[in-house]
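Student: As annotated in TrEMBL:
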REGION    1-51  region 'Disordered'
COMPBIAS  12-23  compositional bias 'Low complexity'
DOMAIN    56-109  domain 'NOG C-terminal'
COILED    113-153  coiled coil
REGION    206-296  region 'Disordered'
COMPBIAS  208-226  compositional bias 'Basic and acidic residues'
COMPBIAS  263-273  compositional bias 'Basic and acidic residues'
Amino acid sequence: ERSVCIPESVLQKQQQATTTQQQGEDSNRHDAKRTSNVGYAPTVNDDTDVDMTNAKKTARELMWENGGPGVWAPDYRVQYDLKDPAWRFDAIPEIMNGKNIADYIDPDIEAKLEALEKEEEQLVAELSAAAMEEEVESDLDSEEEAVVQAIRERKKTTRMLSRMNNTANKPVVPRVVRGKSRDMHDPGTRTASEIKKKMDSYGVDTTKMLERGRTMERGRKRERSLSRRKLASVSPDDDEMDATTTTDDGMKSKGAIKKAKRAKVEARRRESSLARSHSRPREPSQMGLKDEKSVDAVKKLDRLGRKEWKGASGEGDHRKTVHLVKWMNTGKKRMGTHYCR
């Protein structure tokens, strides 16, 4: 093990300081024996003269002798109460033989620490006993108490996990993309096979559920508007009219033919004037929204985003302002007494 190495100059200074201090203590002890009234302050009626030449100097006197306040500081090592007074001015290293010196200053430190730990355990036991006595009796039995405790623990765990997930610095996956398959390694949880597998494990029949999902994905096929309009244009009254206007030979009369032609022309004219049919809007769940209220809010934000600003000045708005006001900067001014007219 490595021993402590103290320089020779430090040892010499330490020995010199110890010798000087011992000489001062011996002289003080000799003066105390020679003086009869040491320890008594002189009073007004006391006619004896006290020799103050060898009196102990106060800290204030030492301070003014050694440079005044801010320069001299008292050496508190003189007040150390050690087994050997010669140890007071020894240099104390922080680490010796690989160990911290501060841990071994008090030889009874381990015993005191053990006593403190025992006291702490005793206090904790007393507090727990007091809490058990103050506990109000519950109406639940032991099984119900266990269930309630399990529910509380689960809620606590869920709350903690939610807090951890919210504080995580990661992008939020959109609802439209969430759960869909990305590649062969990540099939996703919203595919038909995954949903069927999960519901079968719960014992739920997924036939109608998957069929409804397929119909919603395909959507309703758009019928021909023209065919619908043709069917609507042909009414039973027209058929009766045609039947009444036929001749005995089974041929239509000239008036019936003209009326049919006129009806066809009117139908074509109506078709051209009718507005174009609109496609069926998607449901909110397919758009990644919750309900119709969310759809209206999204549409409103979209309108506000498309709205152009009006009334704002641009690069072409030139302003010609007066930089120097004429009435403030023309004419004579007297000897600096006025800063303007």
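Placed from the backbone N, Cα and C atoms, the Cβ positions cover glycine too.
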Student: Please list the DSSP helix, strand and coil residue counts for the domain 'NOG C-terminal' (56-109).
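Tutor: Per DSSP, the residues of the domain 'NOG C-terminal' (56-109) fall into 19 helix, 4 strand, 31 coil.
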Student: Taking the domain 'NOG C-terminal' (56-109) alone, what is its mean pLDDT?
Tutor: 85
